[in-house]
Amino acid sequence: MSFANKQDPKTLVLFDVDGTLTPARLTISEEMKKTLEKLREKVVIGFVGGSDLSKQVEQLGPNVLNDFDYCFSENGLTAYKLGKELASQSFINWIGNEKYNKLVKFILRYLSDIDLPIRRGTFIEFRNGMINVSPIGRNASTQERNDYEKFDKQHHIRETMVEALKKEFPDFGLTYSIGGQISFDVFPTGWDKTYCLQHVEDEHFENIHFFGDKSYKGGNDYEIYNDPRTIGHAVNSPDDTIRILNETFKLQ
């Protein structure tokens with residue numbers, strides 16, 4: 001057993017990052033760090049996010065691989081256990097360049113034809129296990145992200161674009177998952193956040209808790225939140241996460 005030092009080594013608590021451990025794209029608070037330190041003495045902890053590890057380091061700190069027992073970047077396609085890297089998967093190897101080029105050409109053409117209040121840079125971000133598509137671009141400032149999120153709720157830009165992609169590529173075997181404030185992920189069906197659970201099977205956890213803020217249908221926490229292997233906790237903010245952790249695990 002890898003976690004014999006814990007009070008309850010058969011319980012794993014997994015967290016989404018944006019909106020759950022940190023405000024969207026911002027850094028972790030001292031209060032959250034202290035809460036997680038207390039929690040880690042009792043149980044096994046990990047995070048699972050769609051971003052790559054470099055962005056998770058920006059948000060959760062440079063010692064992230066040591067601060068969590070499990071670190072799952074890109075939904076677990078890149079994975080670490082106790083600081084050691086586990087086997088990884090590649091989106092481009094799975095889809096192939098021919099299909100990938102068709103997908104990207106359609107996305108860029110679609111984005112050029114829609115009316116948006118602003119455009120910045122990095123509309124398609126290529127990652128190891130997925131692509132991330134942002135109509136206004138990932139280089140938007142925090143204020144621009146907040147403004148766009150309100151605009152998107154009114155005009156359903158991402159939702160409409162996802163439907164257009166599903167219609168254009170019905171046989172590509174892709175899932176489209178809206179997450180964060182300004183973007184959505186595109187990845188092979190089955191490579192959602194439940195993908196990370198295969199990395200923890202060898203520990204035979206009796207309880208796996210998951211905390212996430214996008215647990216509604218179409219949100220990028222939906223599949224793992226509703227998976228029969230997990231106990232789902234829907235949160236509205238990092239403060240909400242701390243409150244539920246204190247109540248559930250008696251941390252105070």
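Here the Cβ of each residue, glycine as well, is placed from N, Cα and C on the backbone.
Positions annotated as Mg(2+) 1 binding site by Swiss-Prot, on the basis of experimental evidence: D16, D18, D213. Taken from Swiss-Prot, the feature active site, nucleophile covers D16. Annotation source Swiss-Prot lists active site, proton donor/acceptor at D18. Under the heading alpha-D-mannose 1-phosphate binding site, Swiss-Prot lists R25, R127, R138, R145, S183, D185. Annotation comment: Swiss-Prot describes Y225, D227, T230 as Mg(2+) 2 binding site, evidence class experimental evidence.
Where Swiss-Prot records a feature, it is marked here on the structure.
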residue	record	DSSP (3 states)
D16	Mg(2+) 1 binding site	coil
R127	alpha-D-mannose 1-phosphate binding site	coil
R138	alpha-D-mannose 1-phosphate binding site	coil
R145	alpha-D-mannose 1-phosphate binding site	helix
S183	alpha-D-mannose 1-phosphate binding site	strand
D213	Mg(2+) 1 binding site	coil
Y225	Mg(2+) 2 binding site	helix
T230	Mg(2+) 2 binding site	coil
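Around D227 (Mg(2+) 2 binding site), the C-beta neighbours below 8 angstroms that are at least 6 residues distant in the chain are T194, L197, F210.
Per Cα geometry, D18 is the residue among the binding-site residues D18, Y225, T230 nearest to D185 (alpha-D-mannose 1-phosphate binding site). Per Cα geometry, D18 is the residue among the binding-site residues D16, D18, D213, Y225, T230 nearest to R138 (alpha-D-mannose 1-phosphate binding site).
The secondary structure of R25 (alpha-D-mannose 1-phosphate binding site), as reduced to three states from DSSP, is coil rather than helix or strand. Same-chain residues that are not part of Y225, D227, T230 yet have a Cβ within 8 Å of the Cβ center of the Mg(2+) 2 site turn out to be T194, I208, F210, E223, I224, N226, P228, R229, I231, G232. Within 10 Å of the C-beta of R145 (alpha-D-mannose 1-phosphate binding site) we count 19 further C-beta atoms, all protein chains included.
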